[in-house]
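Asker: This is the structure I want to talk about, given as structure tokens.
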Amino acid sequence: MSPKKVQIKVEEKEDETEESSSEEEEEVEDKLPRRESLRPKRKRTRDVINEDDPEPEPEDEETRKAREKERRRRLKRGAEEEEIDEEELERLKAELDEKRQIIATVKCKPWKMEKKIEVLKEAKKFVSENEGALGKGKGKRWFAFKMMMAKKWAKFLRDFENFKAACVPWENKIKAIESQFGSSVASYFLFLRWMYGVNMVLFILTFSLIMLPEYLWGLPYGSLPRKTVPRAEEASAANFGVLYDFNGLAQYSVLFYGYYDNKRTIGWMNFRLPLSYFLVGIMCIGYSFLVVLKAMTKNIGDDGGGDDNTFNFSWKVFTSWDYLIGNPETADNKFNSITMNFKEAITEEKAAQVEENVHLIRFLRFLANFFVFLTLGGSGYLIFWAVKRSQEFAQQDPDTLGWWEKNEMNMVMSLLGMFCPTLFDLFAELEDYHPLIALKWLLGRIFALLLGNLYVFILALMDEINNKIEEEKLVKANITLWEANMIKAYNASFSENSTGPPFFVHPADVPRGPCWETMVGQEFVRLTVSDVLTTYVTILIGDFLRACFVRFCNYCWCWDLEYGYPSYTEFDISGNVLALIFNQGMIWMGSFFAPSLPGINILRLHTSMYFQCWAVMCCNVPEARVFKASRSNNFYLGMLLLILFLSTMPVLYMIVSLPPSFDCGPFSGKNRMFEVIGETLEHDFPSWMAKILRQLSNPGLVIAVILVMVLAIYYLNATAKGQKAANLDLKKKMKMQALENKMRNKKMAAARAAAAAGRQ
């Protein structure tokens with residue numbers, strides 16, 4: 001017996017309308033729909049259920065849309081007249097929440113783009129038309145104002161995020177390189193951009209707190225011997241060759257340490273220049289340590305508990321494409337990037353399945369390491385020999401020396417940095433490591449080469465500094481005799497009772513010391529400039545001219561130049577990364593004696609970004625052995641942290657142990673550079689505060705604080721390792737649980753199938 005169909009009949013009792021006294025109002029009301037028909041049904045009486053009534057026919061799509069449109073119009077007019085009841089408000093609120101949810105998640109739906117756009121427009125239109133109806137009574141305007149401000153604030157935040165993304169320098173260039181060459185090459189340019197930001201902060205500190213105050217408030221050029229070119233060098237002080245070596249006018253300028261005055265305060269603001277010079281130098285070192293460690297900890301935090309390689313290729317197939325891309329060029333870059341990611345993943349998968357001949361691999365790796373040690377020893381001896389020759393040349397007349405003799409040491413270091421990485425790359429072919437492991441070995445070897453070269457250079461520089469200090473003692477004694485003879489001759493030129501003009505000697509005629517601090521700054525600036533020029537010439541000759549030869553001579557050559565020898569060059573990741581780190585180490589080491597070095601390095605990094613991006617896209621080809629770069633560049637940052645530590649040690653030794661020059665620089669006249677701190681405490685602080693600070697600087701207390709910091713670092717490191725291990729264990733448990741659930745579901749499905757087959 002089938003259930004009876006029932007129907008509920010609803011009668012509506014309309015309210016009476018108020019009569020209008022004006023004929024014009026009646027005409028308007030005839031044109032508009034009646035107000036009563038737009039109001040919600042107020043009085044409803046349910047009739048007796050009639051079981052014999054026929055079932056209503058289903059509505060078609062047009063009728064449903066018309067009824068929905070009428071309901072929305074009624075809601076809108078009811079909102080204007082403040083006559084919507086609570087039931088309709090709740091229903092409207094639920095619909096608005098649903099539409100907002102659609103707006104937020106429409107791009108995640110597996111629909112066609114046309115359907116997404118249509119649904120999005122419809123949802124936005126519904127929200128904009130009916131959002132104001134949620135306000136009731138006197139609070140409706142305030143609610144509408146709050147909703148409007150919320151929309152504007154959300155739009156402002158979205159535009160601000162877009163603005164911040166647009167302000168990231170060279171983002172499009174790096175994305176294009178990543179799509180063509182993979183994440184390994186792009187990681188170098190990301191590292192270069194990060195180094196550019198670090199050097200920008202260092203330049204702002206040195207320029208605003210050292211160079212600019214001296215230029216604005218210090219004594220002008222020619223007022224003191226330290227700010228004047230000697231008389232013997234005036235004729236050639238502005239020559240290009242002299243300026244290229246950073247002598248002449250460049251030496252006696254704000255670019256170098258020796259130009260700065262040793263007065264405690266300068267200018268109308270009583271700016272303490274010596275104190276500022278010392279604190280900015282220490283601040284640059286501290287900031288560099290802080291920013292490197294912060295970047296490393298951030299990358300470790302992003303790394304989480306390790307990569308989850310479950311269903312790696314499935315995720316790449318179904319989730320790699322961005323369906324909101326509308327630019328054809330961006331789409332091409334995205335396509336190339338996805339292709340490169342698949343190549344990297346396939347290489348990673350194959351590398352884990354390779355079977356090796358263990359004994360042959362061990363022999364080849366031993367042979368490669370033997371050749372590496374020979375190369376490192378030979379390069380160290382070559383630099384030592386070049387330093388000895390440079391010391392011999394320093395004792396000769398500069399006019400008798402040629403260009404090579406003057407720049408031999410810098411050129412030898414630059415050439416070793418250019419050719420030794422190529423040899424290490426050839427040795428790495430014997431070892432047959434995974435590409436990522438081979439890159440780390442190569443970086444480590446080049447790092448050892450450059451670090452050894454740098455410390456050989458520093459040891460030679462320390463010998464030169466000691467010679468300058470001994471020379472200063474003789475010059476100081478000679479200046480005392482010169483002053484005594486000048487005063488004696490001046491007094492002898494007048495009689496006993498006569499008066500003459502005041503005694504005056506032009507600053508260019510005053511004898512002066514060698515100023516070893518300026519000499520150190522000049523060496524680092526020359527080394528930086530020569531390294532930049534060597535890098536650019538190498539790119540032009542080794543990449544651009546080689547690419548032109550292969551491209552245009554391939555048609556008339558005996559063999560295929562593109563796939564045979566010489567072919568196009570691959571981008572040397574290891575050499576470029578180590579050159580960048582080595583150059584930054586020289587900046588940290590020399591910026592205390594040459595405040596202009598961070599500015600010079602900014603120009604170098606800025607031009608390198610454009611020049612190397614052009615060279616990569618124009619002259620290089622992707623590597624034959626692709627590999628995925630580490631998600632965190634902590635390997636690069638770790639080497640940078642090590643070079644930072646090793647670069648600041650000689651600087652701190654010079655600050656603490658060596659006496660400053662007596663006639664140049666902001667610390668002249670003091671026994672040690674750090675004495676400027678004690679002078680400031682004595683003159684500018686109360687005695688009790690100076691006493692407290694001296695007690696805090698007690699070596700026993702400092703050693704205790706350092707020990708506590710080491711223990712805290714050890715504890716935090718152990719805690720972090722434990723948390724990472726716990727995360728890995730949880731991931732394993734979740735995988736095992738998922739596998740068990742999968743097996744249980746399979747067994748249940750098999751049991752159901754067997755039961756169904758048994759019933760049949």
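Any Cβ shown, glycine's included, is placed from N, Cα and C.
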Asker: Say a student had to find the phosphothreonine annotation in Swiss-Prot: which of T310, T330, T400 would be the correct pick?
Answerer: T400
Asker: Looking only at what Swiss-Prot records, are N620 and A738 on the same side of the membrane?
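Answerer: Domain labels match for N620 and A738 in Swiss-Prot.
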Asker: For the set S184, S314, S596, S632, say which residue Swiss-Prot annotates with phosphoserine.
Answerer: S314
Asker: Out of T17, T45, T63, which residue gets the phosphothreonine annotation in Swiss-Prot?
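Answerer: Matching T17, T45, T63 against Swiss-Prot annotations yields T45.
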Asker: What stretch of 272-303, 360-390, 516-553, 634-657 shows the most Cβ pairs under 8 Å to the transmembrane segment (597-619)?
Answerer: 516-553
Asker: Would you mind splitting the topological domain 'Cytoplasmic' (735-760) into helix, strand and coil residue counts from DSSP?
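Answerer: Counting residues per DSSP class in the topological domain 'Cytoplasmic' (735-760), I get 25 helix, 0 strand, 1 coil.
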Asker: Does the structure show the transmembrane segment (183-220) and the transmembrane segment (403-430) touching, where I'm treating 3 or more Cβ pairs under 8 angstroms (sequence separation 6 or more) as a contact?
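Answerer: Stretch pair does not touch.
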Asker: Go through the chain and flag residues at least 6 beyond the ends of the transmembrane segment (360-390) whose CB is under 8 A from any CB in it; none is fine as an answer.
Answerer: 408-409, 412-413, 416, 420, 423-424, 427-428, 430-432, 445, 448-449, 452-453, 456-457, 460
Asker: In angstrom units, rounded to an integer, how far apart are the Cα atoms of T400 (phosphothreonine) and S314 (phosphoserine)?
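Answerer: T400 (phosphothreonine) to S314 (phosphoserine), Cα-Cα distance: 71 Å.
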Asker: Would you confirm whether the transmembrane segment (403-430) and the transmembrane segment (634-657) meet the contact rule of 3 or more C-beta pairs below 8 angstroms, pairs 6 or more apart in sequence?
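Answerer: Answer no, regions not in contact.
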Asker: Counting Cβ atoms within 10 Å of each candidate's own Cβ, which of the modified residues S128, S314, T400 comes out highest?
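Answerer: Going through S128, S314, T400 one by one, the largest Cβ count within 10 Å is at S128.
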Asker: At the level of the C-alpha atoms, what whole-angstrom distance separates S314 (phosphoserine) and S128 (phosphoserine)?
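Answerer: On Cα coordinates alone, these residues lie 40 Å apart.
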Asker: Excluding the flanking five residues on each side, which residues at least 6 beyond the ends of the transmembrane segment (573-593) place their CB within less than 8 Å of a CB in that stretch?
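Answerer: Distal contacts: 184-185, 187-188, 191-192, 195, 199, 202, 206, 256-257, 281, 284-285, 288, 417-418, 421-422, 424-425, 439, 442-443, 446-447, 450, 454, 458, 517-518, 520-521, 523-525, 527-528, 531, 535, 601, 604, 612, 636, 639-640, 643-644, 646-648, 650-651, 655.
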Asker: For the topological domain 'Cytoplasmic' (554-572), report the average pLDDT of the model, please.
Answerer: 79
